[in-house]
Amino acid sequence: DVPKATEPRRDSDGPRRGSLCDRHCAAINNVQGDLGDLGCHLHRPRVPPAMSPPSCCQQHSEEVCESCVVKTTLTAENAVEANKLSNNYKFGFKKWKSHVTARPWEDRSEIVKELYSDLNVIRGSGGSTVTCGNVLYLLLFGWWLSLLYVLVAAMMFITVVGAPYGRLCWDLAGYFLWPFGKVIQKVEVPKSRQVLGACEASAGESSALLGGPVPRRWRPRCWADAGYWQRAGTVAWLCLGYPALALAHGLVCVTAWLLIILIPVAKLSARTAARVLLLPPERVLVRRLRMTEVPLEGEVILCCYRAINPYYYKYAVDGINVFAVNLLPLVLVTLVLGYVDSHNRLTSSPVKFTLALLSIMPLSYYIGMAIASISAQSNFAVGAVVNATFGSITELTFYITALIKGSREGNRCYAEIVKSALTGTLVGCVLFVPGLCMVIGGIRHQEQRFNSRSAGVSSALLFLSVGGVFAPTLFSKVYGKLVCGECHNVTQNPLGHYLCHNCHFDLMENNGTLYYSHVQPLVYTVSLLLPAAYLIGLFFTLKTHSHIYDIHISDCHMPGHHHSAVVHWSRWRALVILLLSTLCMSACADLATEHISPILTNSTISQYFIGVTVLAMVPELPEIVNGIQFALQNNLSLSIEIGNCIAVQVCMLQIPILVLFTIFYPTNFTLVFSDLHVYASMFSVVLMNYIFMDGKCDYFQGTVLVMVYFILLAVYFFAPSPSGC
């Protein structure tokens, strides 16, 4: 990261001007001033937490540079990414980490380049090919693929006219038994058949899976010129041999692609079915590659050395991570099973509920990617509206569908599940998300620093929001009437002690006078004040006190590496994907609430525990992954802000929206929580504020937060189910 350029301080900066830390930072910037020749320039929009540790604080004492912690530079690769950073990394908005533009090829690491390279590069001495991954290929695919080729070879020899293809299959049987260190080449043809080669070269196309040029396979006129399609052996091959082998390679390709680390095997099978098996047999040469041997002249079609590459979790297709690509069919399966098999003839309700819940994860990723793409290509106003509108769509969709179902069935248990999910999201984002990021980041970095002032703003808003959310609950406990389901005299004395069960505070006494005259107006007042406080916090951090973050974005490229940004998704495409993902999210949420009833009624686990764990944290898994990635990059400020922003949005946006929804569609949802929710939330916010006071942390403090979170989960696990469930 390039240090921030120095600029004259205004008088409004107050005591910060001319401080010792500023002079140290200015001195460092002057020493490294020649970096300005690299074409770096600064974008003045400021954004919250730092993406990288400040250089000056690494070279000076803590006493001198304590206030310099927040002075860092956020590097963007191009103007589009800089606009995304400026619009998305603001206080109160979720931190979408999606990369919306294609990175220049020369700027990528060698590991990433290898992921996208074709399997047609002959390398030097790479060591032995006998590895655990290659042996796993042999056990999973190699032996039966080789056997299938032997059977097809025998069948082609029986046809007599297909004998050339039989010899090709025999050679490929040995290749696919152990393809590592071997090469498949397309040999040169006589000049009389150059028309065929020219046709293949002119019909090239590319594919994310196949990689490299792929000939168009069905060009009758072109092949007819060379007499290829008229040969009887070719007809026999296309009717008897090729379909079985293409089906087998398709199965291998899909299986290896879903396993992700075996994507090289998927590329190998896809390219074989698309190219090798459609070439004339005399043009295909299979040979073992020896280190001292010069390769024959001709195009290398396949050359593979390793079956497994553990770095394929970074692989992306059109900007979409491979995990999200592989989970997309799960969404289709969930929707088909949920709405076609409505009577549970194929699968049970728990299976459908699990599938619907898992489908939320890839849909959350697509929603985040679409939001980031729209924000990157729009101004701040549009990005803020889209982020605030769709940022919480995942959780709100599930909550609203659950409340509607509970209202139709007259079941109060759904409202209690929603309250448990809200509390679980708040507690998880305050304790588990930052704690886990501290632990994982602390393993790589001995001590991590973050912007304590920005974290303090989030903590103050959390205190305010928690107090506002639980104010009606405290009011009801002070003025409500305690009503118990059943009481037993344990002393056999009428004046003795009574043991009561299923007690709660009744707000409907005297025809609901207390609730409708006092509690409900308080709920509406709080629901108006919390969003207002949220807007004031945004104005405070983005306008009047933006120096708390003091972050600038810089575009920096090496000389000769100036690239125009290639956006993965255009604004219209991102908008369409955003709307489709939101629609699918609504359908999955409807299926989850439809099939959660058997789990709630037949499960021995407390409904509290189901709400605070499964329903609360599963939709936040993409955010947890983002936080971990930021922590590994020593950007703990963003990891902390991820959890804080979600918690703030739960209290200041999601709960007021649910209250507003109950005005137009009456449900059983009231802003009165159980004692367990109140104590857990308040204790979590107090502990988080204590941990974040000094602006630095290590893995031990993260372990404390995670352990406290698991203790609270244990409390919810052993707690009795809420009344009405």
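The backbone N, Cα and C atoms fix where each Cβ goes, and this holds for glycine too.
Sequence annotations record features per position, and here TrEMBL assigns domain 'Inner membrane component' to 132-182. The feature transmembrane segment is assigned by TrEMBL to 135-158, 244-265, 315-339, 351-368, 380-401, 421-443, 455-475, 522-542, 574-593, 605-625, 646-665, 671-692 (among others). For 351-470, 574-716, the entry in TrEMBL reads domain 'Sodium/calcium exchanger membrane region'.
Away from its own ends, the transmembrane segment (574-593) comes close to residues 331, 334-335, 338-339, 352-353, 355-357, 359-360, 363-364, 366-367, 369-371, 373-374, 377, 386, 390, 393-394, 397-398, 401-402, 405, 414 of its chain (Cβ-Cβ under 8 Å, at least six residues beyond either end). Scored by C-beta pairs under 8 angstroms, the transmembrane segment (421-443) has its highest count with 605-625, from the stretches 315-339, 351-368, 522-542, 605-625, 646-665. Counting same-chain residues at least six beyond the ends of the transmembrane segment (315-339), those with a Cβ under 8 angstroms from any Cβ of the stretch are 98-100, 102, 115-116, 208, 257-258, 260, 263, 346-347, 352, 355-356, 358-359, 361-363, 365-366, 369, 568-569, 584, 587-588, 591, 594-595. Listed by sequence, the residues of this chain that lie at least six past the ends of the transmembrane segment (671-692) yet keep a Cβ under 8 A from its Cβ atoms are 419-420, 423, 426-427, 430-431, 434, 450, 452, 455-456, 459, 462-463, 466, 469-470, 472-474, 476, 505, 507, 519, 523, 526-527, 608, 640, 655, 659, 701, 704-705, 708-709, 712, 715-716, 719, 722.
Below 8 angstroms of C-beta separation, residues 94-95, 357-358, 360-361, 364-365, 368, 394-395, 398, 413, 416-425, 427-429, 432-433, 436, 599, 642-643, 646, 676, 712-713, 716-722, 725 of the same chain, each at least six residues beyond the ends of the transmembrane segment (605-625), sit close to that stretch. Taking Cβ pairs closer than 8 Å, the transmembrane segment (351-368) reaches residues 94, 96, 98, 320-321, 323-324, 327-328, 330-331, 333-334, 337-338, 344, 390, 393-394, 398, 577-578, 581-582, 584-585, 588-589, 591-592, 594-596, 599, 614-615, 618-619, 621-622 in its own chain, all 6 or more past its ends.
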